[in-house]
Amino acid sequence: MENFPIINLENLNGDERAKTMEMIKDACENWGFFELVNHGIPHEVMDTVEKLTKGHYKKCMEQRFKELVASKGLEAVQAEVTDLDWESTFFLRHLPTSNISQVPDLDEEYREVMRDFAKRLEKLAEELLDLLCENLGLEKGYLKNAFYGSKGPNFGTKVSNYPPCPKPDLIKGLRAHTDAGGIILLFQDDKVSGLQLLKDEQWIDVPPMRHSIVVNLGDQLEVITNGKYKSVMHRVIAQTDGTRMSLASFYNPGNDAVIYPAPSLIEESKQVYPKFVFDDYMKLYAGLKFQPKEPRFEAMKAMEANVELVDQIASA
């Protein structure tokens, strides 16, 4: 089995640049995932985020999760649970407007630390999008502009904890899915594993590494690249020991952004993917998250065809 792609971003600044860009290209085309080290976010910032996130879970969320488990009788399940996940989560929105000051139970230090962390992640996401542009032969800023919409991109962080699970063979931490959006930056626990991706019909562990950022590509980048880059299925396996922390930050198109394959990436006039408004895709995704992505793309194609038909009738 090939090794999971680990990219040292510092190598972009020296003789290793061409090799590093090729590694990023290969990861985007064949894995849909890669792991970044030396990405520019200070280790002490990440350590503080981890300490405060785990402290907040212990103080505010652990007991609620235990009560939820008890109320649903999940400790005693005998058959596979297919309609919920073994995770405790909350969501922080950063762009276009922040909700950090409104989220209950966060102390002021945690709010400030997460605001700072989000700014650093936003900058890193935009740097990565430009590296993807370079590899794709697109002008710098193309992907950021494609995501922009009228109010800029959507950017937010799903803060998750995956507590010890008594029946990990019957309950997933997070069921298999692809991510609907753009580019996802994950700061995950370096001691408790669980994240897996599907490659060549095999589930492969994403290795926990201290101070790394795991990057994966969402459905919108598969569309814009006309399938050159892949959004892949992934899942979280619950563990019997240890609570796994995960902060997944989603840099997504704005709600009204119109998403379609970049014209320069359509070879021999073959456009594989549809044109659609991002918010329409998200409405469809909400009900189909844990199903394959291909039917979602087909549904958007049908919607696109209907829009074109209406336009033709209107102009006739």
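Residue numbering: from 1, along the chain as shown.
Keep in mind that glycine also has a Cβ here, set from the backbone N, Cα and C atoms.
Among the features that Swiss-Prot reports, domain 'Fe2OG dioxygenase' is placed at 153-253, with the record citing sequence analysis.
As annotated by Swiss-Prot, Fe cation binding site applies to HIS177, ASP179, HIS234. Around the Cβ of ASP179 (Fe cation binding site), the same chain contributes ASN216, LEU217, GLY218, ASP219, SER231, PHE250, each under 8 angstroms and 6 or more positions distant in sequence.
Around the Cβ of HIS177 (Fe cation binding site), the same chain contributes MET233, HIS234, ARG235, LYS289, PHE290, each under 8 angstroms and 6 or more positions distant in sequence. The 10 Å shell around the Cβ of HIS234 (Fe cation binding site) contains 24 further Cβ atoms across the protein chains shown. According to its DSSP assignment, ASP179 (Fe cation binding site) is coil. Mean per-residue pLDDT, taken over the domain 'Fe2OG dioxygenase' (153-253), amounts to 94.
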